[in-house]
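Before any comments, here is the structure.
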Amino acid sequence: MAAVPKQTTMAIKSYKNQAQMLVKNYLLADPFAPYTSILGGILACKVVYDLSDLISSFYIKTYPSLTKIQRVDWNNRGISTTHAIFVSALSLYFVFWSDLFSDPHLTGLMVFRSSQLSTFGLGVSLGYFFSDLAMTLWQYPALGGIEYVIHHLLSGTAVAYSMFTGEAQLYTYMVVISEVTTPEIHLRWYLDTAGMKRSTAYLINGVVIFIGWLIARVLLFGYMFYHVYLHYDQVIKMHAFGFVLVFGVPSALGILNLIWFGKIIKGLAKTLAKRRSRTKELDSEN
């Protein structure tokens with residue numbers, strides 16, 4: 001095996017150092033990080049959409065038989081699921097494991113704390129909300145009704161404010177944890193589209209959605225408001241617009257979550273009733 005010329009090795013190292021300097025001094029530098037992360041989130045959505053379309057074409061038997069709008073919905077849900085996994089993991093880290101918002105020895109009030117990683121994560125999420133909102137409006141109402149538009153507008157506004165100002169990032173991540181239920185919701189749609197509505201997997205999925213929704217979108221919202229109450233002396237020091245967002249956005253999203261939770265309960269009850277009916281029919285035949 002021929003040795004790599006010294007001049008080539010030095011050239012590679014030079015390009016590597018230049019790339020590292022570009023990332024450190026520009027792409028992830030404080031003034032540029034928000035815009036870089038938003039752009040990265042938008043580009044990631046495009047990449048995931050194309051990969052979902054490519055992989056599904058080869059490995060999902062029912063995919064080619066779907067209508068055009070169903071394929072768009074299928075791939076768009078792939079984007080949403082990927083974003084949900086990313087932002088849920090980041091949210092759980094900042095809310096429950098990181099010392100950024102819990103360490104009393106850190107300088108500054110909790111509501112004004114942020115880091116490059118927390119800001120970058122919110123930027124990626126904002127890029128997703130931009131992309132998904134654009135897709136929803138483009139195909140409206142096939143991909144979602146007015147409630148989805150309202151959800152994305154409220155979420156996008158809160159995330160953007162928190163990212164650019166550095167205020168209330170903890171509460172933003174508390175709310176964003178609710179995205180942990182998104183993969184299960186999309187899996188239910190995939191099972192239905194694939195003709196597996198009567199399967200055991202579909203029933204288990206419904207139970208998981210019920211439990212996950214109750215914890216992440218109902219109880220956790222209550223805990224967030226309790227946390228705000230305990231730290232109201234800090235929250236009151238935020239800018240007026242940020243103060244309104246801390247109370248207004250979670251309240252509006254909480255109402256939507258309760259409305260959707262009611263639909264989930266009805267759907268799960270309907271599925272269980274149908275399953276009992278089929279079991280009785282089989283027992284009577286035997």
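A Cβ is built for glycine as well, from the same backbone N, Cα and C atoms used for every other residue.
Whatever TrEMBL says is automated annotation, not expert-curated.
Listed ranges 78-97, 158-177; the one TrEMBL annotates as transmembrane segment is 78-97. Feature annotation (TrEMBL): of 29-50, 117-138, the stretch labelled transmembrane segment is 117-138.
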